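First comes the structure, then the notes that go with it.
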Ligand SMILES: *Cc1c(COP(=O)(O)O)cnc(C)c1O
C-alpha cells in the first residue's frame, strides 16, 4: 500500500486517481480538472509538454543516468553553465541533488563548514523565520517552523543551534546583535513563505538582511525552491537582493523529475578550495545531476526565456487582482496576491472543509491546507481557465 504524505491514514479521503494529464488539465476516469496547484508548484509549463517530453526522450536514448562520482556528462555540464550565466552575480557553483530538502541540507552544511574551514568553530547557529518551511528532513525541520518543527521541538526540546524571528527589521537587528558571532547563516524563503501559509513580506527586510550579513560576516541563504522561476513575479528574488547561496528545486525541471540545485557564490566556493582534503564538501546524493533531469531542466529554462514567461506571470497577477478586486467576506481574513500566487486566508480552517470536493465537481483540482485557500497555477493557464479557478474560490463563500 501507499503511505500518503501529510495524512492521517485512518481518516484520509481516497485520493483522486489520475489517468492522463495534458496542459493545465489532469484527467481522472470521470472528470477533467484544471490543476490549480501545479503539482506542488512545480509544473510551470503544464503536463505533457511536447518539447519537454522530446528533451527527455532524446537523452533517454543515450543514457538515463550516470553518477557524478568520477564521471560527468554534457547535460549536467550544460545545466551548471546555464545556471551560472542565468543567475545574478557570481552565483556560479552548482551542487546538484535530488530534492529541495536535500538541497537545503547541502546549503546549511555549506554554511556551517565554510566557517569551520576558516577555523571559526563557534558559528554553529542558524537564523530563520517564523512560519518558515524548508523541507521535511531533520535539519530543514529545525530551521523550519511548521508542524514538523513542532514535532522536533516536542521530541528534542529547543535546539541551541536554531533561532527564529518574524520577517521584521527590528527583530532582525536584535537577533544579529544577540547572536552575530554564533551565526553561520540566515536562511529565508524570500518574499513569499509557501507552505507556512503563502505569507508575503517586503523586500526591505531582505535588503537589511544583506547589509547585516555583510557587516557581521554571516552567509545569506535564499531557499527559492518555491519562489524561483518567476512565482513571486520576479524571475528569482535573488535578482533583487543577492544571497551567498541560492537553493532551487520544484520548477527546476518543469515538474518532470525531482531535482534540485544548491548554487554557491565564488566566495563560498573559495572557502572549500584548498589543499586540505578535510575542507572538501562531503556530500553526494546518488542521483545528483541525473541526466534526464538536467536535460529537461535545460529545456524548461529555454522555454521560460523564449516564451517570455515573466509576461505570462504578470498577466496571471493582473487577472487575479482584477477578479478579486472588492472581494470580501467576514470569514476571510486576508486576500494575498503576488506574481503567480493567489491566497485567501480564512479565520477558521473549518470554513474550507469540503472545498476540494466542491472544486472537483466544478472541474478544478485544489488542495487547501489549514487556513489557506490558494492557487499557484501553471504559467500557461489561459485567462478563461484562471477566471474559472478564481471564480470558484469566490463562489465558495458566496453560496455557503
Ligand atoms: C517544497 C519546498 C522544499 C522541499 O523540497 P522537496 O523537493 O519537497 O524536498 C524546501 N523549501 C521550500 C521553500 C519548499 O517550498
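Cβ coordinates come from backbone N, Cα and C, glycine included.
With 100, 101, 285, 286 listed by TrEMBL as binding pyridoxal 5'-phosphate, the candidate from 35, 223, 348 annotated for that site turns out to be 223.
Cα of residue 285 (pyridoxal 5'-phosphate binding site) to Cα of residue 133 (substrate binding site): a distance of 22 Å.
Local packing around the Cβ, expressed as the count of other Cβ atoms within 10 angstroms, is greatest for 101 among the binding-site residues 101, 286. Straight-line distance linking the Cα atoms of residue 250 (substrate binding site) and residue 100 (pyridoxal 5'-phosphate binding site), rounded to a whole number, equals 7 Å. Between the C-alpha atoms of residue 367 (substrate binding site) and residue 100 (pyridoxal 5'-phosphate binding site), the distance comes to 20 Å.
Checking the binding-site residues 100, 101, 284, 285, 286, 367 against ligand 1, the ones whose Cβ sits under 6 Å from it are 100, 101. The C-beta environment of residue 133 (substrate binding site), restricted to residues of the same chain at least 6 apart in sequence and closer than 8 Å, consists of 144, 145, 146, 189, 193, 194, 195, 196.
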